[in-house]
């Protein structure tokens, strides 16, 4: 029986689709082996495959540069046909500069150096500032004496610069294989709607697909200590504590144990009205609680003791925030004004914004802008020092709440029309994603960023569910049942990316984590360090 002929395509390509050229594939592997210092294996691969890493011209060019043979290096460069005019000029300039310096370093060779400059370097018509420097060295040689001498290590650096100028088809970058693999992983990670694992857990062996088992979807605990509606909750920056506030006029500090269990630590008593919000200090050692149209209290988070009460006669507070250095407290008041206090209670500054009811506020990490809601449908960014508007975000509907991303580059805005908008704050602010599915008709519903690299958006809802969307695509990926009242607020643990907390009108806090039945990788809980 006649043996079937092997097609030329099968010989010249690898892979089932025939799009990977065998020659390129082998050369990239060889380059990677050399980068890993597997030099003998790389040599054997070239010998067995009969596919050299470098062309004969490139090999010769490398040797001539390392030997300091600049005259011949220029000639060899001219024999390489794949170079465009611009690349050839840049590479020639680099080599001829070394030829010029070689003559300049030799006694009685200034005329030869001048000839190289006038007849070979200047005609290239590039890098004129450098040409002027070289010309000055002929007159005053003190400048070039500070340059690298013509040593083996110096020539190696010149060769590295030269090879970086050449196209990848001639000189494969040392990390080309790693770049291809990393880009493939990035594409798989970006296509994974449920991606919520750390890079250290990624593997090259299977195609990456997380599955729902990596998201908090199962109730791990129900915390029932508050005696009325829970309006707000927030994890500490280090993820070790959770603070909640309630209509029952109290706030509670909870501790997140190493195994993921959340336990009661302190109940903070002292407010005479419902507690609207809480705010952790940057070092997580202190907590602010803001009563509804009442006072702000500062607490020692470890001891549960009240350290100071901030109040103004005839005016109540409705919001509060820490400066990034933890030295200043910003308060929004019922008379539509801002107030700045030091931690000991001295009022540092005060200014009025007659169009504002400052029910939401934040301070950027750079401490250069105050973010707040004004006129219902607008968010204003105020300059910290000058107290003037730096930029505005105009929304389509009335804004109920917002939250800043960890990197301060994005803003998540909740609206009365049952939409959540994601704004990019870099350059000219613009909406980059919209999230729909939750319900809101009467109450303030809050949302948050969360998960690995804040890849998800979570929100409460008046229909008693917690909603989670994929941040980039805007797709709704799960709605979590469990509460029996409106879910007012959610908070995603910034360290344990598998832990989500929700607060509800049913008086309970629910702690959500991955469903172990859906954990296809068996990774369990794991925290960032």
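We number each residue from 1, going along the chain as drawn.
In case you wondered, yes, glycine gets a Cβ from its N, Cα and C as well.
TrEMBL has this to say about the protein:
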DOMAIN    54-111  domain 'CTLH'
REPEAT    223-256  repeat 'WD'
REPEAT    268-309  repeat 'WD'
REPEAT    480-512  repeat 'WD'
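DSSP places the residues of the domain 'CTLH' (54-111) in helix, strand and coil in these numbers: 44 helix, 0 strand, 14 coil.
Below 8 angstroms of C-beta separation, residues 228, 231-234, 236-238, 240-241, 243-253, 316-322, 324-326, 329, 331, 334, 343-345 of the same chain, each at least six residues beyond the ends of the repeat 'WD' (268-309), sit close to that stretch. For the repeat 'WD' (268-309), the predicted model reports an average pLDDT of 95.
For the repeat 'WD' (223-256), the DSSP-based tally of helix, strand and coil residues reads 0 helix, 20 strand, 14 coil. The residues of the repeat 'WD' (268-309), classed with DSSP into helix (H, G, I), strand (E, B) and coil, number 0 helix, 25 strand, 17 coil.
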